[in-house]
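Some features that Swiss-Prot has for this protein:
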- Gly15, Lys16, Gly17, Gly18, Val19, Gly20, Lys21, Ser22: ATP binding site (BINDING)
- Cys210, Cys213: [4Fe-4S] cluster binding site (BINDING)
- 257-266: compositional bias 'Acidic residues' (COMPBIAS)
- 253-282: region 'Disordered' (REGION)
Amino acid sequence: MPLDGVKNIVLVLSGKGGVGKSSVTLQLALALTLQGKSVGILDIDLTGPSIPRLVGLEDAKITQAPGGWVPVTVHPASTNDGAQRGSLRCMSLGFLLRDRGDAVIWRGPKKTAMIRQFLSDVYWGETDYLLVDTPPGTSDEHIALAEQLLRPATTNPAAGSSTMPRLAGAVLVTTPQAVATSDVRKEVNFCVKTQIPMLGVIENMSGYTCPCCGEVTNLFSSGGGQVMAQETGVKFLGAVPVDIQFGELVEGKVVDESDDESEDGAQPEQKREQKQDEVVDERPLVERYKDCWSYSRFEGFADTLLSEIEGGVAY
């Protein structure tokens, strides 16, 4: 089966949209690869896939192999200066769309069938961690995912081993404000009812750090995620302020050609010349990510998750 080589599956959940699940998924994946782990990202947000854009591979296409669909490689495994870096690959419906602007207008049964196909027809090979980026709420995608991953593991008589990977648990993502935490509480309830272990809560967008003076401004208040975690008995992994550098990294500083003139009166030709003069950083995404200050936060999250998962601790 395509999931045979996957050792652990981690779900990234939130009851609220727009809290940054996809960016958290990507940063956790990058941090884990820098720990030497081979990582895959499965994007099951079928109507709004974000992973292809975040990894800068919107034009990549899925190839078919005898073992199933082959995920898109973000970067291969390598060893630099004695440090082992694991591989990162991803799979998303965004890679299968004929045009990236096409809307996905599917009813529940078709979504369920697509989730099942992702879990049965994608060949991941040897993968330490498969992170699943989910849509907000507790809808068809979540139910289909839980049904597939929570089935009793079957045993292959020839190999004498389980053919299903371990569902290590879920990471819950929220922003500090009450309108977000109230919906994430419902996600906690979903995990309890489906018996999905909860690895912890990450409070995303917890303030904004000025790049000039370092002053932190609480744009969306602060501490709401920690309070929710304490009240629901789930481990609080930590808070992450807004990181402008990471935003620029995944956006690629795209020039908006629709702007005829900038505020200072520069013409489009001048802006294109300025763009051509910029030095293009050809390093892989994972190496450029190490320059973002949020990397240290997610490195800590990755350490905590590795100790919980490989040490057998979950809530």
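Glycine is no exception: its Cβ is also placed from the backbone N, Cα and C atoms.
Swiss-Prot feature annotations superimposed on the structure.
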residue	record	DSSP class
Gly15	ATP binding site	coil
Gly20	ATP binding site	coil
Cys210	[4Fe-4S] cluster binding site	coil
Key: Sparsest Cβ surroundings (other CB atoms within 10 Å) among the binding-site residues Gly15, Gly17, Gly18, Gly20   = Gly18
Cys210 ([4Fe-4S] cluster binding site) versus Gly18 (ATP binding site) - Cα distance in angstrom = 22
Surrounding CB atoms that lie within 10 Å of the CB of Cys213 ([4Fe-4S] cluster binding site), all protein chains = 7
Task = Could you check the binding-site residues Lys16, Lys21 and say which one's CB has the most other CB atoms within 10 Å?
result = Lys21
Message = If you count other CB atoms within 10 A of each CB, which of Val19, Cys210 wins among these binding-site residues?
response = Val19
Query = Whole-number Å distance between the CA of Ser22 (ATP binding site) and the CA of Cys213 ([4Fe-4S] cluster binding site)?
reply = 29
ATP site, defined by Gly15, Lys16, Gly17, Gly18, Val19, Gly20, Lys21, Ser22: further same-chain residues with Cβ within 8 Å of the Cβ centre = Ser14, Pro136, Val173, Thr175, Ala180, Asn204
Key: Rounded Cα separation (Å) that holds between Gly15 (ATP binding site) and Cys210 ([4Fe-4S] cluster binding site)   = 29
